[in-house]
């Protein structure tokens, strides 16, 4: 297979990059009590000794904390990016300097270079895969099926990846077990809602230097991510409009007090459009034709297919970089539509993208770490297919977080527990 070289050999000044990345990783670790606790436990018990972990993730400081936690547990790790624009090269270089880690991630790698890096990870013959978006798992199945027999299992971080895996599982095409980390409460209720809401809005505001107050903000999709974006935007005094295709979610958004309408109508009134659906062609030519001059378009879904930029380019008479991270498309009538981060994941792919807040990702990556531990320890218990994260693992992460926050909570008495498990007690 054609593979890419490690990041350190591709940088002009790898030592300087490592120093910058190391500082970012150390700062993240200082604010990640869950991973810090797991790192101490893993270092003592070596639960991943002898394993090789292949990863395709957003390679930035918080991810690096997860990578180093698993390396300290005894694993050899090979990692690359899961999005062409989300890698922080300094962080990648700092990881590559670790004796048990090889990093192939580099910002800007796309097309053939992107998949060469994935192939480089797979050349390490991983026994566990840790994925964000599903590209690593699908590359294994489509191009390197000879690796499947030695892969214990994997984990998937994000909504889009889980959707892809479930579709694969429905077709009986998924040949090893994968935990749907995205769907477990300690990830979904915090990372998807608070993480996406805060980081997407913060990155849009910093990239454009515009305020949310008084803006008509169109949120496409009212799943966990869209719910978080809508809540945070409303909290900054924006007027929130929600578009949906699922009637119950549309009703939920309506009952939460948001305006709900089809995208064709929202296109005529929105100032800022933010897609959170995980689907393609959410905003297309027909919508661009209705939009006002100066609108801002951004995507918080995993792939760059939600805002159809081919349609927009066909409509435009000129394009320019209006500001770093902002691509302006001028239409024939003089209207200008502004796309952030090339339509990619705005909270990570924008020039100032830092991703979700550290504390939120500590929870998600804590779940990732214990899921990998579980796969290795109990490898015979999981058949091929998508698996929910065992509830006891999710609770373990919640307990570590509460202890770190100094929060105490009640426990059921034996009598209460017996009552909850019984069916004989009626009126």
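For all residues, glycine too, the Cβ spot is worked out from N, Cα and C.
These numbers come from a predicted model, not from an experiment.
Here Swiss-Prot has 132, 187, 191 binding substrate, and the candidate from 106, 110, 156, 157 in that same listed site is 157.
The two recorded residues residue 302 (NAD(+) binding site) and residue 132 (substrate binding site) have their Cα atoms spaced 9 Å from each other. Using the Cβ center of 132, 157, 187, 191 for substrate, the list of other same-chain residues with Cβ within 8 Å runs, in sequence order, 158, 181, 182, 192, 364, 365, 368. The maximum pairwise C-alpha distance among 132, 157, 187, 191, the residues recorded as binding substrate, is 13 Å.
Taking a C-beta cut-off of under 8 Å and a sequence gap of six or more, residue 132 (substrate binding site) has these contacts in its own chain: 56, 57, 58, 82, 156, 157, 158, 161, 302. Around residue 223 (NAD(+) binding site), the C-beta neighbours below 8 angstroms that are at least 6 residues distant in the chain are 159, 192, 249, 276, 277, 278.
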